C-alpha cells in the first residue's frame with residue numbers, strides 16, 4: 001500500500017515535470033501563451049506527487065511497514081516518535097525524497113508568484129529549468145535511489161533504527177530540512193540565470209526578480225549550517241562544532257559562493273558591471289550543491305554523514321557535469337551581450353571592496369574544495385593515501401577569515417566610485433578605536449597569541465563600522481534604519497563578527513583533560529572543579545543509559561550519559577554541557593564504571609565563548625529577515641552612477 | 001567639518017593607534033605548548049592524527065579504543081621527552097596517511113602550493129584588468145539630449161520638498 005502510493009507519487013511528479021517541459025516549450029515555439037500559462041497547473045501536479053511520496057514514506061515509518069526496504073533498514077519499533085519521523089532523512093534515498101518535496105514546494109511558489117507573467121519567455125524558461133531539475137531528482141528516485149524498493153520481512157522482524165548518532169538530539173529533526181531549504185532554494189536564482197542566458201535578457205531585470213529568493217535560500221542555508229554545528233557540538237562530545245568533514249565542507253561551499261554573489265550582485269544593480277561573474281557565481285552555487293551531494297552521497301569520501309550507495313554517484317556526477325557544461329556554454333554564447341559598459345574607477349570604492357570580498361570568498365571556496373577532493377585525486381593518480389584534515393583547513397582559512405573581517409570594517413563606510421583617504425580617516429575614526437579597545441580588553445583578560453588578538457581587534461573594528469552604519473541609518477529613518485538590505489546586512493555582519501570572535505576564542509583558548517574518577521573524587525580543569533557523585537543505569541525501549549552525576553563548581557549537578565543501543569550494540573556517549581556566556585564545560589563519559597573497576601572515565605573540555613557562536617547565528621538569521629523587508633525606496637532621480645545602458649524589461 | 005572632526009585627520013592619532021596595536025600584539029604573543037606533560041599538549045598533538053578506525057574523527061576527538069590507545073602512546077612519548085615532530089613522525093611511519101596535516105614535501109605539498117599560486121594569480125589578473133580598463137577611459141560621453149533630460153529631472157526634483165539626508169554618500 002505505502003509502496004504503491006509512494007511510487008505513484010514519484011511517477012506523478014516525474015510525469016508532471018516532463019509534460020510541463022514539453023507543454024511550455026511548445027507554447028514558446030508556437031507563441032501560444034495559453035500553453036505557457038499551464039506551467040502553474042503542472043507545478044501543483046509535481047507538488048501533489050512529491051507530497052504523496054513523502055506522506056507514504058512517513059506513513060510507512062509510523063506503521064513500521066517493513067515491506068519497504070528503506071524502512072526495514074532505517075526504521076525500528078523502538079525509535080521515539082520524533083526521531084521516527086526524522087528517520088526519513090537519515091539516509092540517502094529518503095534525503096533525496098526530502099529534496100524532491102522541497103524542490104516541488106519552491107516550484108509551486110515560483111509558478112504562483114509569477115502567475116501573471118507565465119507567458120513571459122524569461123519566466124517560462126526559468127520554469128523549464130526548474131521542471132528539468134525536478135525531472136532529474138524524481139528520475140533519480142525512480143531508478144538508482146528508489147526509496148520505495150520492496151522487501152519481504154521475516155515474521156517478527158524489527159529494524160535497526162537510524163544511526164544512533166542521529167537519534168540523540170532534537171536538532172536532528174530541524175537541521176536537515178533547514179539545510180535543504182537553503183540548498184534547494186538556490187535552484188530558483190539558478191533557473192532565472194539560465195532563463196536570462198537563454199532569452200538573451202541578461203540585463204538587471206532577472207537579477208532584481210530573484211534577489212529575495214537568493215537571500216531567503218541563503219538565510220536557510222546559514223541557519224542549517226549553524227544548527228549542524230550546534231548538533232555536532234552537543235552530540236559528538238569532543239568539544240568541536242566544525243570538523244572540516246567532507247559533508248560540512250559540501251554545505252559550506254555553496255554558502256561561500258552564495259555569499260559572494262549576494263555582495264557582487266549589488267555592484268551589478270548599481271553599476272551594471274560583473275555580469276558574467278554574477279551568472280557564474282549562481283551557476284557555481286547550484287552546481288556545488290550537486291557536487292556536494294555527489295561527494296557525500298556516493299561513498300567516494302568517508303564521513304560521518306556519507307551514506308554509500310551504488311550507482312547514485314555516477315548519475316550525480318553526470319548531472320553535475322551537465323549543469324556545468326550548460327552554464328559555461330550559455331555564458332560563452334552570450335558573451336557579447338554580457339560585456340558591461342562600466343568600469344571600476346578606483347579600488348578604494350564600494351565596488352572595489354565588493355570585488356575584494358569576492359576574491360576572498362572565491363579563494364575560500366577554492367581552498368575548501370581543493371582540500372576536500374585532494375586526497376581523492378592523489379589516491380586516484382599516485383595510489384598514495386594522505387589526509388587533508390582540520391589543521392590544513394584552519395591554517396589556510398585563518399588569513400582569509402581575518403581579511404574578511406578587515407574588509408567588513410572598511411567596506412561599509414566606502415562610497416561608490418571613489419573614496420579619499422580623508423573620508424576614510426573621518427569615517428573609520430570610531431571603528432578603529434573600537435578595534436583597539438577590543439584588543440586591549442582581550443589582553444587584559446589574559447588572551448595571548450597574535451592570530452586571536454588580530455581576530456578580536458578586527459572584529460571590534462568591523463563591529464564599529466557596522467554599528468556606525470546602523471546608528472546613522474536609525475538616526476535618519478528611525479526604526480526603519482534596521483530594515484532593508486543595506487541595514488539588515490549590517491545586522492548580519494554583526495552576527496558574523498560575533499561568530500568570528502567566538503571561533504577565535506574557543507579554538508585558541510580551549511583547555512581539556514581526561515580523568516579517571518572514583519566516587520567522590522574531583523577533577524580540575526581551567527579553574528573549574530568537577531566532582532563525580534555517582535552513577536546509575538536507566539532502561540529505555542531502544543537503549544540502556546549509564547548516567548553519571550557530576551557536580552560542577554560545587555553547585556549544579558550535570559548528567560552525562562553513555563548509551564548502549566540494543567539493536568546495533570553501539571555505544572554512544574551523550575555529553576552534558578554547562579553553557580554560559582563566558583565558557584562552556586563539556587563532560588563526556590569515556591568509560592563506564594564496572595564491577596571490576598568502579599571508576600569513571602571522564603573527558604572534560606572547557607572552551608570560552610562557544611555560546612556566542614549560536615547567538616551570532618541567531619543575529620545572522622534576524623539580520624537576514626530584516627534584509628528581506630523592503631528598505632527605504634531610493635528616489636529614482638538620485639544619482640546611481642549606472643553607466644550601463646538600461647535593459648528593456650517587459651513588465 | 002567642526003574642530004573635533006579635524007582631529008581625526010591628524011596623522012599622529014592614527015600612528016598612535018598603530019603603535020598601541022603593535023605593542024599590545026607584541027606583549028601578548030603566545031605559543032602553543034611544545035614541551036611538558038600537560039593534557040593541552042597531548043590533545044594538541046592528538047588533534048593532528050587521524051583516528052584510523054573511525055570515520056572523520058581525529059585521535060583527540062574520538063572515544064574509540066584505538067584512539068584511547070594512541071593517546072596513551074602520545075602521553076608516554078611525551079614523558080620520554082620527545083618533541084612534537086618526533087611523536088607525529090612515530091605515527092606517520094607506522095600508519096599511512098595518518099597525519100591530518102598534508103606533507104610539505106612531495107606531490108602532497110601541492111595542496112599547500114596551489115591555492116597560494118591561484119590566489120596570487122587571480123589577484124594579479126584582476127589588478128591588471130582594472131588598470132587596463134581604467135586607462136581606456138569613459139566609454140560614452142553624454143549627448144546634449146541626455147544633459148537636457150538630466151536638467152529637467154533635477155529641476156523637478158528641486159521644486160518638490162526634498163528629504164535631506166545627513167550622510168548621503170553613505171547610503172547603499
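Cβ from N, Cα, C; glycine included.
Check TrEMBL against the ranges A:82-110, A:517-545 and you find transmembrane segment recorded for A:82-110. Per TrEMBL, the listed range annotated as transmembrane segment is A:398-416 (candidates: A:398-416, A:550-568, A:569-587).
Contact between the transmembrane segment (A:180-203) and the transmembrane segment (A:354-378) is not supported: fewer than 3 Cβ pairs lie under 8 Å, counting only residues 6 or more apart in sequence. Using a Cβ-Cβ cut-off under 8 Å and counting only residues 6 or more beyond its ends in the same chain, the transmembrane segment (A:40-62) has close neighbours at 2-3, 5-17, 19-20, 23, 68, 70-71, 75, 84-85, 87-88, 94, 97-98, 100-101, 103-105, 107-108, 110-112, 115, 118, 127, 131, 134, 138, 141, 147-148. Note on the transmembrane segment (A:354-378): residues 244, 246, 249-250, 252-253, 256-257, 259-260, 263-264, 266-267, 274, 277, 281, 284, 288, 295, 300-301, 344, 347, 384-388, 392-393, 396-397, 400-401, 403-404, 407, 411 of its chain, located 6 or more positions outside it, place their CB under 8 angstroms from a CB of the stretch. Against the transmembrane segment (A:6-28), stretch A:82-110 shows more Cβ pairs under 8 Å than any other of A:82-110, A:215-232, A:428-447, A:491-510, A:609-629. Taking every recorded stretch in A:82-110, A:122-145, A:252-269, A:428-447, A:609-629 and counting its Cβ pairs under 8 Å to the transmembrane segment (A:491-510), the highest total belongs to A:609-629.
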